[in-house]
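Let me give you the structure first, and then I'll get to my questions.
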Amino acid sequence: MVFKRISCAANNYAWGVPGSKSTVAQLAQEAVKDFAVDEGAPYAELWMSTHPKGPASFWDDKTALSEHIKETEGSDLGEKVLKKFGKKLPFLLKVLSVNKALSIQAHPNKSLAEILHAKDPAHYPDDNHKPEMCVALTDFTGLCGFRPARETVGFLASVPELAILLGEKAGRMIATKDDPVEYAKALKSGFSALMNLPKDLISSQVAKLVARIASDSPKDVEADLILRLNADFPGDVGIFVAYFLNYIKVSKGEAMFLRANLPHAYLSGDCVECMACSDNVVRAGLTPKFMDVDTLVDMLEYSPNEADSFKFKAESDDGQVKVFNPDIPDFSLEATSLKDGKRDLPVRDSASILIVTSGSASINGIPGPRGAVFYSSAGEAISIDASGPVDIYRAFV
């Protein structure tokens with residue numbers, strides 16, 4: 001049986017929070033061995049996994065976790081992991097600190113991921129899908145899934161700059177708003193048209209939109225968002241995408257679940273995120289990175305839904321240990337919150353990775369300060385002893 005601290009990887013992306021203000025940088029003090037914060041760098045993601053872009057290693061001897069799994073024939077992964085996924089850890093656990101919007105994006109399902117990886121491995125490095133569970137550590141905001149027809153049609157009436165860009169496509173969306181099947185077709189046609197318009201045309205209408213709403217008082221949520229997005233990504237088509245996607249806010253401890261082919265973009269806040277072990281992202285706005293508009297438009301699920309439908313409720317017997325258990329085989333996410341005292345965690349029949357996100361505790365007799373990350377073999381008993389409040393997240397299968 002194995003229960004050891006591991007050293008993980010902190011990644012810098014432009015949208016991250018700078019320096020020691022970043023929760024990722026704060027956690028990295030104990031999550032990444034020999035970490036030294038650069039106050040001028042944006043710390044965006046802490047990766048805890050065997051993924052080659054951010055592989056973990058054991059804290060004491062620096063043996064790569066992936067190498068340990070290989071050398072031990074996956075013996076501590078658990079029988080169900082070996083049967084379903086082979087000798088590899090199937091999930092990727094992260095902490096994110098979001099300072100400005102991530103790209104308009106979606107993640108492919110398994111079959112599309114295999115096609116994209118075979119065709120363009122440089123931009124799609126994995127042949128795996130990437131469903132994601134996001135649990136807020138602070139107030140957290142994002143765009144997720146297409147809005148109900150009544151909302152987008154309402155914007156077509158109240159946002160002339162958007163209506164002008166869509167032209168007759170806008171009329172078709174309005175005409176079909178009460179017919180779900182026909183509206184989905186009109187939505188795909190309108191969204192595709194928007195994403196493929198010339199950049200100068202988009203930019204000119206963004207300028208008109210921003211000039212008009214900048215003088216409005218008071219401003220609604222969408223107006224504030226438009227101004228913020230334009231400040232970070234001037235004239236970008238993703239600014240108009242905000243009128244198509246639901247604006248979602250979740251509080252600490254609340255979750256969103258993002259399936260394959262679902263358009264989304266995180267906007268602000270800190271979260272724990274668990275996903276299938278993949279780094280495949282199809283982007284089409286709010287980013288200087290590689291964009292694949294045709295693939296994104298073709299792959300998306302054009303099913304309008306209420307914003308709350310993307311929130312995901314945890315299961316819990318006592319309120320101390322909550323489990324976010326989506327209907328996919330790759331992962332579940334456990335959140336433990338103690339005021340103090342001792343608590344035995346449920347024994348899991350798969351390997352797991354856990355991180356202390358706030359407070360500190362002794363975990364199986366090993367000091368666990370804020371940011372400490374541990375790897376546990378399947379069937380391992382895990383006991384927490386805390387002298388004060390502590391929050392711990394654990395990914396398992």
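Placed from the backbone N, Cα and C atoms, the Cβ positions cover glycine too.
From TrEMBL, for reference:
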| type | residues | note |
| --- | --- | --- |
| ACT_SITE | Arg283 | active site |
| BINDING | Gln105, His107, Glu132, His264 | Zn(2+) binding site |
| DOMAIN | 5-148 | domain 'Phosphomannose isomerase type I catalytic' |
| DOMAIN | 179-245 | domain 'Phosphomannose isomerase type I helical insertion' |
| DOMAIN | 324-363 | domain 'Phosphomannose isomerase type I C-terminal' |
Could you say whether, by DSSP, Glu132 (Zn(2+) binding site) belongs to a helix, a strand or a coil region?
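Looking at the DSSP assignment, Glu132 (Zn(2+) binding site) belongs to a strand.
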Kindly state the mean pLDDT of the domain 'Phosphomannose isomerase type I C-terminal' (324-363) in the predicted structure.
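Across the residues of the domain 'Phosphomannose isomerase type I C-terminal' (324-363) the model's pLDDT averages 97 on the 0 to 100 scale.
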Nearest to the residue listed as 'active site' by Cα, among Gln105, His107, Glu132, His264 (binding-site residues)?
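Result: the closest of the binding-site residues to the residue listed as 'active site' is Gln105.
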In the domain 'Phosphomannose isomerase type I C-terminal' (324-363), how many residues does DSSP put in helix, strand and coil?
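With helix first, then strand, then coil, the domain 'Phosphomannose isomerase type I C-terminal' (324-363) has 0 helix, 23 strand, 17 coil.
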Return one of helix, strand or coil for His107 (Zn(2+) binding site), based on DSSP.
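Note: His107 (Zn(2+) binding site) is coil by DSSP, not helix or strand.
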Output, ordered by sequence, the same-chain residues six or more apart from His107 (Zn(2+) binding site) with a CB under 8 Å from its CB, or 'none'.
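When sequence neighbours closer than 6 are ignored, His107 (Zn(2+) binding site) has His129, Lys130, Pro131, Glu132, Leu258, Ala260, Asn261, Leu262, Ser278, Asn280, Val281, Val282 within Cβ distance under 8 Å.
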Given the Zn(2+) site residues Gln105, His107, Glu132, His264, which other residues of that chain have a Cβ within 8 Å of the mean position of their Cβ atoms, reported in sequence order?
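Neighbours found: Ala106, Lys130, Leu258, Leu262, Pro263, Val281.
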For a three-state summary based on DSSP, what are the helix, strand and coil counts in the domain 'Phosphomannose isomerase type I catalytic' (5-148)?
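Tallied per class, the domain 'Phosphomannose isomerase type I catalytic' (5-148) gives 36 helix, 47 strand, 61 coil.
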For His264 (Zn(2+) binding site), what is the tally of other C-beta atoms lying within 10 angstroms of its C-beta?
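Neighbour count, Cβ to Cβ under the 10 Å cut-off: 24.
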For Gln105 (Zn(2+) binding site), just count the other CB atoms lying within 10 A of its CB, please.
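Total other Cβ atoms inside 10 Å, all chains included: 24.
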